[in-house]
Amino acid sequence: MALPYHIFLFTVLLPSFTLTAPPPCRCMTSSSPYQEFLWRTQRPGNIDAPLYRSFSKGSPTFTAHTYMPRTCYNSATLCMHANTQYWTGKMINPSCPGGLGVTVCWTYFTHTGMSDGGGVQDQAREKHVKEVISQLTQVHSTSSPYKGLDLSKLHETLRTHTRLVSLFNTTLTGLHEVSAQNPTNCWMCLPLDFRPYVSIPVPEQWNNFSTEINTTSVLVGPLVSNLEITHTSNLTCVKFSNTTDTTNSQCIRWVTPPTRIFCLPSGIFFVCGTSAYRCLNGSSESMCFLSFLVPPMTIYTEQDLYNYVVSKPRNKRVPILPFVMGAGVLGALGTGIGSITTSTQFYYKLSRELNGDMERVADSLVTLQDQLNSLAAVVLQNRRALDLLTAERGGTCLFLGEECCYYVNQSGIVTEKVKEIRDRIQRRAEELRNIGPWGLLSQWMPWILPFLGPLAAIILLLLFGPCIFNLLVNFVSSRIEAIKLQMEPKMESKTKNYRRSLDWPASPRSDVNDIKGIPPEEISTAQPLLRPNSAGSS
């Protein structure tokens, strides 16, 4: 039986311990060699004073490197710290970590994908892999008497690993926190082959950093390499003493760490190039920024997974973009009845295919049972022949000195189960023939009916709204015209009276003061004009 991939991986990465424990490691310092990195929100492009906090003041701190080139030491010995094996040796090159003549410790294995050039880390990995392969070969080659079928180990293998469940739960929790939609039906997929981790830069507004570190051990060096970086803008960059380009357009915020070794809180990493670091020694040749690391997980909606499984041209997907996974759900809601009809047809087709698959499974079970019956007949025939040949010595079991094994034929149970499966398949096929793809649409009617009322109101408003508006406009216009017609006789009567008083001459009998419509001031001014006419007439 082949060992599962994840179990084999964990077995290879664990160092082997000998009976004689190595001496304790001496890579200790009296004062804290590292500080935790803190900062405030800064304006883009500005470099403010560093904010950091020291830990383990006055207490020794163990420091080890995750990678040590073969050219940095002549010899290396094993040492022990916190029940973990490390390598230790003196540096022979001034450019190596620590400097010339300094005793430095590094990890037993380097990380995956990195080689120290044939040094002790590569040799230890090769040795341990050979030991594991030898143990597996010995286990598989060792023969033991048959004692019945034991499926307990198979169940343990098939059981989901605890760390894998924790990884899925953490990813799902983060997905719910950052996604605008609250996804409930989705598929979270991990690749079977090895793929690099994904780097997500720390956002500018992130300030949720822990201020406590519970360990006194520091690992300096890359932890993961060959990262896949999702975004290259709005980065929180780190300014070292040898950094010259502080006007990089990709960096929206700059932070300045101390010059000695410093570490980030748990869950945050320095990404320099394509490698991730937990601690740095205050200098780096490439630009570094703060980032989160997430596994190469892909999020699918049900429709996306269907499109991915069916035989269509497959486009490359970006892993763990959980923050845009609601596109399929929103598209289904936006298309309305059309999308519901498409989904109904898809489920109808899937039900028919599943029915056919169950039929083939039933046929396979019948075929396997026939093979078992044939094999059992052959075994019983051989058993009778062996009993006849070894009858003088008491039979086959006594001749071998083992317990006698007997075959219990349970083909009737298998036949009965297959008959039940066939009955279910036939009943399901009849239901699908009676319902049809459009019959499944009736199951969606309780969801469609609440939308029909508002939809009908909108359609009626669009159809009859312009007519009603025109009627209202015509009614208001007619009322205004009627009011104008009622007011015109009064206005004309007043105008006629006023014109008659000024234009017509006064009669000889009438008095000047009897003129209507003329104010007293106008009458007084009109009297001198009338006297010459009266004198001329006389």
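Backbone N, Cα and C define each Cβ position, glycine as well.
Of all ranges given (186-189, 458-461), Swiss-Prot attaches the label motif 'CXXC' to 186-189.
Residue ranges 5-24, 465-484 are listed, and Swiss-Prot annotates 465-484 among them as region 'Essential for the fusiogenic function'. A simple Cβ count within 10 Å picks out one of the disulfide-bonded residues C186, C189, C397, C404 as the most packed, and that one is C186. Remote same-chain residues near the region 'Immunosuppression' (380-396) are listed as 404, 407 (criterion: CB distance under 8 Å, separation of at least six residues from the stretch ends). Every protein chain considered, the tally of other Cβ atoms within 10 Å of the Cβ of N234 (N-linked glycosylation site) stands at 15. For the motif 'CXXC' (186-189), the list of distant contacts is 168, 171-172, 297-302, 305, 325: same-chain residues at least six beyond its ends, Cβ to Cβ under 8 Å. Checking each of the glycosylation sites N234, N281, N409 against C189 (disulfide bond) by C-alpha distance, the shortest gap belongs to N234.
Nearest in space to N234 (N-linked glycosylation site), taking C-alpha to C-alpha distance over the recorded positions N169, N281, C397, C404, N409, is N281. The highest number of surrounding Cβ atoms within 10 Å, among the glycosylation sites N169, N281, N409, is found at N281.
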